[in-house]
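Q: Pulled these features from TrEMBL for this protein:
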type: COMPBIAS; residues: 19-40; note: compositional bias 'Acidic residues'
type: COMPBIAS; residues: 531-542; note: compositional bias 'Basic residues'
type: COMPBIAS; residues: 543-554; note: compositional bias 'Low complexity'
type: REGION; residues: 1-60; note: region 'Disordered'
type: REGION; residues: 508-554; note: region 'Disordered'
type: REPEAT; residues: 162-195; note: repeat 'WD'
type: REPEAT; residues: 348-381; note: repeat 'WD'
Amino acid sequence: MPPQTRRSSFPKVVIERDTESEESSSEDEAVEEEEEEEEANVVVPEETIEEEASESKKKGKTPITITLKKVCKVCKKTGHEAGFRGATYIDCPMKPCFLCKMPGHTTMTCPHRVATEYGIVPAPRKNTTTSLEFVFQRQLQPRLPPIKPAYVIPDQVHCAVIRYHSRRVTCLEFHPTNNNILLSGDKKGQLGIWDFGKVHEKTIYGNIHNCILNNMKFNPTNGGSIYAASSDGTISCTDLETGISLSLMNLNPNGWEGPSRWRMLYGLDVNSDKSVVLVADNFGYLYMADMRSNNIISKPTLIHKKGTKVVGLNCNPLQPDLFLSCGNDHFARIWDMRHLEAGSSLYNLEHKRVVSSAYFSPQSGSKILTTSLDNRIRVWDSIFGNLDYPSREIVHSHDFNRYLTAFRAEWDPKDSSESLVVIGRYISENYDGAALHPIDFINISTGQLVAEVMDPNITTISPVNKLHPREDILASGSSRSLFIWRPKKLSNIAQPREEKRILLCGEASKKHTKKHDHNSDDDSDNDIFRGKNKGLKQKKLPLKSSSYSSRKSR
């Protein structure tokens, strides 16, 4: 017998056309009119229509609608579009301004975008007659110099390694004693060690974690080892010379048991005075591990709303008992380790959206700096004063974290005035016809944009930025690549012009040698040095003394 095939009825497909974008030809219109007339002349009994509808409902066959109309990606409505067109961001007319979140204007005409003080919102004048404020003014304030030093901005790419990681860079850390060593982590869990003084000396350990390396801190007593927290639920202590890793904690010993039970570690910091590693997970709990015995020393403590991520931890540099936490429950909280229990926070700093980072000032520990997804950088000038409202709110474009590492405003550890911070920018700007995403240096005391640095070859976003604790160096992570920035004068004196200071790795290096590799990063929007002007790659990559530019404050 010939093989029999089972005939299956498919649901009806309805195609919606956009009359503005797609115009049908006269022949198609005539055919459609004839078909409509024929369908109108055909009389179908009501009983058969009801039977077909009931059968389609029983079989679960509902008509499939395919629309060809232009749909806004923001409000999901037709008739308009929103998003980037080159370096211009077009706002959705149904939503407020994307930058400042206020209605009545667009991003291109936002007053905070062109303001001299870069969108600063001053806090109301407060009464500073409390005893804590008096102690702060008498004891801590004299340690800060009365004359603010001049800012030295690293505004030129000194060296770079292209496609250093196989996935996007998630965190950076400078070595505590060796000025030329930069450590980096990526979405795949790899730990990279790069000697940017020699450029070509690089090491990558890929067997430490299985997924995103979210945070890392050096061992304060041993500069040759580093602690790292990963989304695989483990804390590792890795020896940088051998690559041998010791697991301090594993929150998923039984492996995958479903998304409701899988624990991921995000925030991490080291308390050197108490020899404790602090780490927080995606369910709102804090864990503590002893650095001497490498064991958990207490039960987990709920420090944020249950079921929400705690993405940041930071210990106070002068008061070892105090630490900051921030998370997805729209709060940054101050804690005392001596009285640590659920709901016992000293103060809760409320935000309108997710708080991606919270840091004490690096020298006095008296200021607080937070970054939130509502496009605000908030500053509290004194932890001893009134913390109900921030001292300043600075409008800045960083409301995006899908396929990107979250933007974090970080202090300059060398700035004795504790007023200079660095953060990458999400919305691109038009620089001589190129859409670039600069890295911003902001004075948080006044809200002034001190400098915005960019490079014509770096067309991707740079969300991960770290300032060197001892030298005038900026390290930035853009997509899978790492860049070292120095001031122009120092950079020109440091190395001869003929020396190559940019190293190609991975797919870029194999293409450079006429070899091919299909390994690519799913998270990067565009590949670096792959702009519309393809001549930039061959012309500017091999040379260290390229023409880089920076634009000072308006």
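Every residue gets a Cβ built from N, Cα and C, even glycine.
Predicted automatically and left uncurated, TrEMBL annotations should be read as such.
Show me how these features fit into the shown structure, please.
A: Per-residue pLDDT, averaged across the repeat 'WD' (348-381), gives 94.
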Q: Helix, strand, coil residue numbers for the repeat 'WD' (162-195) per DSSP?
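A: Here the numbers are 0 helix, 18 strand, 16 coil.
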Q: Quick check on the repeat 'WD' (348-381): DSSP residue counts for helix, strand, coil, in that order please.
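A: Residue counts in helix, strand and coil order: 0 helix, 19 strand, 15 coil.
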